[in-house]
């Protein structure tokens with residue numbers, strides 16, 4: 001059933017087209033925690049329906065898909081199921097994000113205005129639905145860009161800021177629009193005088209921490225855990241044996257590492273680093 005936003009009375013709201021939605025037996029079977037809404041752009045000059053259609057066919061072979069694809073004049077195409085992990089931003093970010101959204105590209109200002117309004121309102125509605133703060137790229141829970149994931153968890157993507165800058169949309173404007181919502185006819189979406197400057201990447205926040213309930217399995221090497229705090233200077237808590245599965249309840253970024261937390265059967269509060277910040281190919285555990 002199509003879902004219509006209701007942010008602005010008197011303006012036609014976006015509808016969700018389910019033509020390319022993954023079937024019940026497609027995509028991840030793992031549920032997410034409700035920590036982040038992640039914003040992307042597709043990175044190529046292609047239409048939203050083309051991306052949705054392609055990843056409907058190739059989600060398994062490419063190991064890639066998200067919940068929604070926005071573009072083509074404010075249209076929204078469904079992909080993976082909300083509340084279940086998408087494969088769009090890496091294991092840690094995927095596990096904490098019930099909705100991830102891709103924005104398709106255009107060079108047409110009028111079309112972009114409609115695309116951007118639907119993109120903002122879909123992200124805003126999704127955050128409200130899952131009780132996620134409307135803050136952009138801040139500490140803890142909230143709406144995050146793929147650039148934030150790169151700077152704070154792992155990876156090398158910088159979207160969607162480069163593409164948004166094509167039409168003068170800054171980080172500051174995006175943050176404001178996520179707070180307020182936009183008329184979906186695009187009348188308030190694009191600055192009258194586009195500014196070509198690209199926002200400077202944000203610096204990693206080494207004390208970021210949030211609640212997240214999931215599990216991981218250690219690789220083939222023991223990893224040193226710490227007592228009490230996610231810090232290399234915290235007391236030793238012993239080493240987690242290889243191939244051990246842990247159900248964790250918090251994630252933190254500190255001392256250059258991503259850490260997971262759990263409480264032992266003895267009541268000890270334990271943190272363990274699972275990979276260095278900013279690394280795509282050096283993750284020591286699996287989050288399957």
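Every residue, even glycine, has its Cβ placed from backbone N, Cα and C.
Among the features that TrEMBL reports, compositional bias 'Pro residues' is placed at 193-202.
As annotated by TrEMBL, domain 'N-acetylmuramoyl-L-alanine amidase' applies to 23-161. Residue counts for the domain 'N-acetylmuramoyl-L-alanine amidase' (23-161) under DSSP, split into helix (H, G, I), strand (E, B) and coil, are 49 helix, 28 strand, 62 coil.
TrEMBL lists 182-207 with the feature region 'Disordered'.
Along the domain 'N-acetylmuramoyl-L-alanine amidase' (23-161), the predicted structure has mean pLDDT 95.
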